[in-house]
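Enquirer: For reference, the structure I am asking about is given below.
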Amino acid sequence: MDTPENVLQMLEAHMQSYKGNDPLGEWERYIQWVEENFPENKEYLITLLEHLMKEFLDKKKYHNDPRFISYCLKFAEYNSDLHQFFEFLYNHGIGTLSSPLYIAWAGHLEAQGELQHASAVLQRGIQNQAEPREFLQQQYRLFQTRLTETHLPAQARTSEPLHNVQVLNQMITSKSNPGNNMACISKNQGSELSGVISSACDKESNMERRVITISKSEYSVHSSLASKVDVEQVVMYCKEKLIRGESEFSFEELRAQKYNQRRKHEQWVNEDRHYMKRKEANAFEEQLLKQKMDELHKKLHQVVETSHEDLPASQERSEVNPARMGPSVGSQQELRAPCLPVTYQQTPVNMEKNPREAPPVVPPLANAISAALVSPATSQSIAPPVPLKAQTVTDSMFAVASKDAGCVNKSTHEFKPQSGAEIKEGCETHKVANTSSFHTTPNTSLGMVQATPSKVQPSPTVHTKEALGFIMNMFQAPTLPDISDDKDEWQSLDQNEDAFEAQFQKNVRSSGAWGVNKIISSLSSAFHVFEDGNKENYGLPQPKNKPTGARTFGERSVSRLPSKPKEEVPHAEEFLDDSTVWGIRCNKTLAPSPKSPGDFTSAAQLASTPFHKLPVESVHILEDKENVVAKQCTQATLDSCEENMVVPSRDGKFSPIQEKSPKQALSSHMYSASLLRLSQPAAGGVLTCEAELGVEACRLTDTDAAIAEDPPDAIAGLQAEWMQMSSLGTVDAPNFIVGNPWDDKLIFKLLSGLSKPVSSYPNTFEWQCKLPAIKPKTEFQLGSKLVYVHHLLGEGAFAQVYEATQGDLNDAKNKQKFVLKVQKPANPWEFYIGTQLMERLKPSMQHMFMKFYSAHLFQNGSVLVGELYSYGTLLNAINLYKNTPEKVMPQGLVISFAMRMLYMIEQVHDCEIIHGDIKPDNFILGNGFLEQDDEDDLSAGLALIDLGQSIDMKLFPKGTIFTAKCETSGFQCVEMLSNKPWNYQIDYFGVAATVYCMLFGTYMKVKNEGGECKPEGLFRRLPHLDMWNEFFHVMLNIPDCHHLPSLDLLRQKLKKVFQQHYTNKIRALRNRLIVLLLECKRSRK
């Protein structure tokens, strides 16, 4: 009879001459022959399996072959250290795509009590998409079920086997019945992989336990039985570890101690592995970014050199940035005069002559402040004060007055500590005074002289550069009203501008809003541009450890009255990210609705109450960005974070325009000097948290833009020209009026009446369950996809946006990144608008708008899966220029982006859709902006996002108009504030406000002069002045809903200027912006 050794020699000789494609098949037949003919010769089988592994270890063809994996697992049954053996297989790539390997590995770890490690092994198999996948997922679910059942300590103790006893039993019975014993061992080990133990092994194991017992001594009670079968006596346990002095530990206590030590070690090992993987990924990505930045630097250097050689000197002078140059003092005085009404110019003189007669209403106002802050219900009943007719101004914030002319000099040397609530932002707190939008340049070298605020940009001295970074940002933080007994008297104005700047630099006192009250403001430095928390439009976050420097667009101080010093407002860490979004559709931070006065409660602590009763002649309308509607004497606020509402008495009307009576109507003279506050309230205005995450209201005061008058005849005749070239043509006369197009009931009715419901879309999935828990650094099942959530991009009150990945996390090339917009309650409207927009647009235009891949609707929320944009919003790009010498975006880029915006809105309107929420942080930059090389489309990569406020005009009768105010957006159009009907005008205004942000780095405020709306900061030193005057005149002065300007004609005029001046420069400007974006992205890692 042939022996196995002889057959093996024959096999080896055969394999040397074998030329087939499957050598493993020959080995398989030989091993089967050995198992059938020599079942008891286990030692030879182990040697044969070891020889087989060495033969095929380096052959990648068989690494995931089921036959080879099965032999590896069979060899593992005879291995003493299974965990090390499985790691050896995995590190050599054997079985990485095979489910049996992971199941066997996890089964061994589970038997050892290493449940967390076992779970990690199964998860790794699922991530690697091991086959068969269904079987692996089933075993993972069974493992989780067993895990929940073994949480009780008693169950954990009874379910864990005594491995030493099993080994001893096997050794005792090995000679008496070796065949059956080995079969039992094989079955037991197989049961660890499958979770099922055969009854035969149970029976034999029970019989063996009756033979061997555990004793405190090192010898078994039935030692004679062991001696008969010539088996060495094995010590069951170490007495030194259990018996210590007079006390004795139990096995459970010893096992628990070892388990805790092993668990801590495994946790440390896992953390170290995770850290190394993350470090390698970051290093790889940083290397790619560095290579790309080096290439861009080289291209930028080459383009700049060529552009400097071809640039005429005259052209350079015409394009000097307005923030960096300024006329002489004499020219400033000459330019200042036409900007102010006659009453304003006479006010300082009159106040100097009789300073104690100027503020006759100060005591009543001071009392009204205290009453309003302590008891809002009482303050609302106080009658309005006498209007300050002599102090009406056109300034964007307030006029400065004083009781004593000498107090200016006195305040220059005195610093009054702020006693109000401190706002903790970052590592330090700056305390400055809230100022007007006069560009007051602090220059402390001028000494103690009185001054008048300057209305134009001063010369770029060293002090000016310091002041620009200082003053520019003090309006960039929210106002928290505090109870105050401050009744300091007003400060007077003088004619010397420089002394006022010096006084402003050193003193923390400032007069109140509209020249009535004083406000103490503290400048916060720990959060960035337009930041109101992690908001859902996932702009690119700024680095957390940003060096101290010039403030950026959106930083604001906290304005309040002096109050008791113990009150403190906690700092919100979410404000360290500039991924902002305005206008979440379900935003509760809304102004009061006339239809539901019962929704409002009494005033709360965070309610921002007016510092004084504003006279009707002084303020026409005050609007806080996105959150606030101001009334004539009282203001209303909804705190969306706590859903606490603060409103005036229920008897009054809530709309600021509807509230006015005919007696309160402004005369034409006073109206021409009043201001429409379109994006920020006065210092006494209402403040709320814009993004539902804190008490921040992102509002700005224009401190850098010089105020100048337009030539009276500069834009004569433009009205007729633009109205004749309307892009939408003449709209039919409205035959249908809708109050609020964003009403939840109306939207539900519109969605219910669709001929093709949203639920019928192929990429819409409805789940009859609640929204799963979605957290960073976790994975969850979304339909048939296993999604891994990386981190939170932005967060609002009702929506969070996460960056997620589908696919292998370790495979950087094949993994697909996207965003998850999670909303509670569900919001199918935004998905409907996005889908309709893609259907109505031409395929070549779809890349300019955000695309949703799918929508998952749950019972209590929704998840929208959309395209990921990696380089932040246009708002972030605007802020990046704050740390550059020019401080604002270059003109070439502004015109390029403006042309792209006009084209986007034209396409949206052609689809009969109103976006409804145009603003800088709803334009986002993707990879296309870095990769595109088209000469004619250098603003490619810019996309429009956030369709939650959009309106589908096809669902309404033709010519429908709306009357509601866009209460969830700070960019309210002129028609809303003047109580006129509107439809497409809201997008026109949004584009104008966004372009203004790019030009000046501040929010736009509009004034009405003689019935014509103009941006408050105009543009005396701005290049292409005529073009921008015409642009803002067309976008802000739309007669009605029937005659809309032509966006295409306006875009062609911008294109003409662009081609004349910036064709040779735009690529260098774009490359520089790319470098800034890449550096910003790398710095936040």
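Even glycines carry a Cβ here, placed using N, Cα and C.
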Enquirer: With respect to Swiss-Prot, which of the residues Ser459, Ser596 bears the note phosphoserine?
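Expert: Cross-referencing Ser459, Ser596 with Swiss-Prot, phosphoserine lands on Ser596.
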Enquirer: Which stretch, out of 458-476, 515-533, 876-894, is listed as region 'Essential for loading of BUBR1, MAD1L1 and MAD2L1 to kinetochores' by Swiss-Prot?
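Expert: The range carrying the region 'Essential for loading of BUBR1, MAD1L1 and MAD2L1 to kinetochores' annotation in Swiss-Prot is 458-476.
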Enquirer: What range among 99-132, 337-370, 711-744, 745-778 does Swiss-Prot describe as region 'Necessary for interaction with KNL1'?
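Expert: The range carrying the region 'Necessary for interaction with KNL1' annotation in Swiss-Prot is 99-132.
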Enquirer: Of the residues Ser618, Ser668, Ser950, Ser1046, which is given the phosphoserine tag by Swiss-Prot?
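Expert: So the answer, going by Swiss-Prot, is Ser668.
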Enquirer: With Swiss-Prot open, pick whichever of Ser176, Ser559, Ser563 is annotated phosphoserine.
Expert: Ser563
Enquirer: Ranges 229-256, 845-872, 985-1012: which does Swiss-Prot label region 'Necessary for interaction with BUB3'?
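Expert: Of the candidate stretches, Swiss-Prot labels 229-256 as region 'Necessary for interaction with BUB3'.
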Enquirer: I'm trying to understand the geometry here, so how far is the Cα atom of Ala799 (ATP binding site) from the Cα atom of Asp917 (active site, proton acceptor), in Å to the nearest whole number?
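Expert: Ala799 (ATP binding site) and Asp917 (active site, proton acceptor) have their Cα atoms 16 Å apart.
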Enquirer: When the pLDDT values for the domain 'Protein kinase' (787-1085) are averaged, what is the result?
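Expert: On average, pLDDT over the domain 'Protein kinase' (787-1085) sits at 87.
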Enquirer: Name the secondary structure element type, per DSSP in three states, that contains Glu795 (ATP binding site).
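Expert: The residue in question, Glu795 (ATP binding site), is strand (DSSP, three-state).
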Enquirer: Across the region 'Necessary for interaction with KNL1' (99-132), what are the DSSP residue counts per state (helix, strand, coil)?
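Expert: Reading the DSSP string over the region 'Necessary for interaction with KNL1' (99-132) gives 26 helix, 1 strand, 7 coil.
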Enquirer: Would you mind pulling the DSSP three-state label for Asp917 (active site, proton acceptor)?
Expert: coil
Enquirer: Between the Cα atoms of Val801 (ATP binding site) and Asp917 (active site, proton acceptor), what distance do you get, rounded to the nearest Å?
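Expert: Cα-Cα distance, Val801 (ATP binding site) to Asp917 (active site, proton acceptor): 18 Å.
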Enquirer: Between the recorded positions Glu795, Asp917, whose Cβ has more other Cβ atoms within 10 Å than any of the rest?
Expert: Asp917
